[in-house]
Amino acid sequence: MAFLKYALPALAAAQAVLAANCGKTDETITISSQSDADGYSSCSTIKGTIEIDEHLSGAITFNNVKQIDGTLSCTGGANISSIAAPMLNSIADTFKLDGLTTLTTLSFPSLTSVGSIQWTALPQLQSLDFTKGVNEAGDVTITNTGLANLNGISLNTVGKFDITENTQLKSININNLKNATGLINFAGNLNSLEVELPNLSSGTNMTFRNVSAVSVPSLHNLTGQLGFWGDTFKSFSAPNLTETGDLVFNSNSKLTNISMPALETVNGGFLITRNDELSSIDLPSLKVVTGAVDFSGKFDEVSMPKLENVKGQFNLQSTGNFSCDTFDKAHNDKVIRGTYKCKAAEPNPTTKDGSSGTTTSSGSSASASKSNAADLNAANLPALGFAAVFGALVQYVL
C-alpha cells in the first residue's frame, strides 16, 4: 500500500511531463535543429503549431510522429534541402512552406489528411514523395514550384484548388476528385500543361489559362464561372454539363471544336470571342442564358435550336457568312429580350463592348479592343455577368 501511495502520483507526474513535451493547443513549437525534432520522437501526436526555423540548414525529419493537431510551417528556409515525416498521417491545420528555395525533397509517405496546403516559391522541388496520397484537404494553393506533376495529391473533395506559376508542371490528374466548393484555377504554368479531372461532377468556379488540354467528362453543374483564356487545346468537351454560371471562351488560338451537347442553362453571360480557328458553334440543348450572349469571331455556323430565353444583350458578329434569320425571329418573338445585334460577313467583328472579336481584325474595331477592355465597369455587369467581365479584363491585363 505504501508503494502505491507514492508510485501512483509519480506515474501521474511522469505522464504530465510527457504530455507537456508533446506540445499544447495554441502553443508554437520552434524546430531549429534535428535534435529539436528528435525531442518529439516519442510523441504520436504533437499539439500546437510547429515552425521550422528559417536558419536551419540541410535535412529535417520528424520521426514517429503520426499527427499534428495544428500547423506545420516554414517561411524563408533558404538552406533547407529536405523535410520528411515517415509516419505522419494528418496535419489538422495548414501545411505551409514559403521561400524554401533549395528544397528538393518533401517526403510524407503516410500523409492522407491536411487542413490546407499553401506552398509558395519552392523552385527546386520537382516531385512529391506522398506514397499514400493526400485525399482530404480544405484549400490547396501551389505557386511557383518546380513540380512536374501533382502525383500524391489524390483529393476526393477540395475547397479552393489554385495552381499557378509552376513553369515545369506538365500534367495534373486528380482522379478521385468529385466536388470542389471553391475556385479551381490553373494559370501561368507550363504551356503544355494537361489537366485531367475525370470524376469531377460539380463545383463553383473553374478557370483555365495557358493549358494544352482539359478533360472534365463527368462535370454536370457549376454554380459559378467556367472560363478559358489563352489555351492551346483544339477541342473542349463537357458531355454531361447541363448548367453553369458565366461561360467564357476567349483567345484560344487553336480551338476548333466546342462540344457541350447537354448544356441547357447559363446563369450569367456567355462569351465566345477571338477563337480564330473556331468555324462552328453548336449548342443543341441550350435554352436559357440569364446574362448576355456575346459571340464574335470567324465562325460560319451558329446553332441554338432550343433557345427559349436570353435575358441580356445578344451580340453575334462574324467574318463568316452565316444566316441571322433564326435569331431575328427569336428577337421578334421576345426570346431575346435585351439589345440585339446580328451581323454576318462582318470584316471587323466586335464584342458587345466594341473589343475586337478576332486576333487579326484591323481598323477601328481593332483599335477599340484596348480602349473598350479598359472601359469595362460596373455598368456592364448585369448583362454579361461579373465573372465574365472580370475574366475579360484580366485577359486584357495579361
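Placed from the backbone N, Cα and C atoms, the Cβ positions cover glycine too.
Look at Swiss-Prot and you will find 349-369 tagged as compositional bias 'Low complexity'. Sequence annotations record features per position, and here Swiss-Prot assigns N-linked glycosylation site to Asn79, Asn179, Asn199, Asn205, Asn210, Asn221, Asn240, Asn257, Asn321 based on sequence analysis. Feature annotation from Swiss-Prot assigns GPI-like-anchor amidated asparagine to Asn372; the stated evidence is sequence analysis. Feature annotation from Swiss-Prot assigns region 'Disordered' to 344-369. The signal peptide annotation in Swiss-Prot covers 1-19, and the record cites sequence analysis as its basis.
According to its DSSP assignment, Asn240 (N-linked glycosylation site) is coil. Within 10 Å of Asn199 (N-linked glycosylation site), as judged by C-alpha distances, the glycosylation sites found are Asn179; the full candidate list was Asn179, Asn210, Asn221, Asn257. Set side by side, the glycosylation sites Asn240, Asn321 differ in how many other CB atoms lie within 10 angstroms of their CB, and the most is found at Asn240. Most Cβ neighbours within 10 Å among the glycosylation sites Asn79, Asn179, Asn210: this distinction goes to Asn210. Restricting the glycosylation sites Asn79, Asn240, Asn321 to those with a CA within 10 Å of the CA of Asn221 (N-linked glycosylation site) leaves Asn240, listed by sequence position. A simple way to gauge crowding: the CB of Asn221 (N-linked glycosylation site) has 15 other CB atoms within 10 angstroms, across all the protein chains here. For the pair Asn257 (N-linked glycosylation site) and Asn240 (N-linked glycosylation site), the C-alpha distance works out to 16 angstrom. Cβ crowding, taken as the number of other Cβ atoms within 10 Å, peaks at Asn205 among the glycosylation sites Asn199, Asn205, Asn257. A Cα-Cα distance of 30 Å separates Asn321 (N-linked glycosylation site) from Asn210 (N-linked glycosylation site). Between the CA atoms of Asn240 (N-linked glycosylation site) and Asn179 (N-linked glycosylation site) there is a gap of 15 Å, rounded to the nearest whole number.
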